[in-house]
């Protein structure tokens, strides 16, 4: 066992750039169906089920490569990570369209993730938050809002 560990190659930044960043791309690279692609969560070690694998890609999250081992993030750990980051790295809150003043960018050009589940907000979700005057939070130098799924989960419509 120790001999095998000694010969493991370390990933360079160039290597990482060439590796798949989504589960769908990984499945295509391996030539297997997406449903057969089982990947452990980086945080809890549980293997993502098919629905979680689809959600991971839908949220536009990126695979984590450690040497040549791949990891993702399960649904529960996405929520836990979002909460941890919010509690530890919160910077500021703005309401609705004030995000454009705070960032200096148009709402169309601002990348925003859900503060609850880490999903990448689409333009309709961003405009909905602006129109309703909902808060946007700056956390770890990135903007967070609320996605349509979490908004309905918390009955905030």
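Placement of Cβ uses the backbone N, Cα and C atoms for every residue, glycine included.
Here the structure is a predicted model, which means the values were calculated and not measured.
Database features, via Swiss-Prot:
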- 41-77: zinc finger (ZN_FING)
- 114-150: zinc finger (ZN_FING)
Counting only residues 6+ away from its ends, which parts of the chain sit with a Cβ under 8 Å from the zinc finger (114-150)? 58-61, 73, 75, 78-79, 81-83, 85-86, 89-99, 102-103, 107-108, 156
Over the span of the zinc finger (114-150), how high is the average pLDDT in this prediction? 97
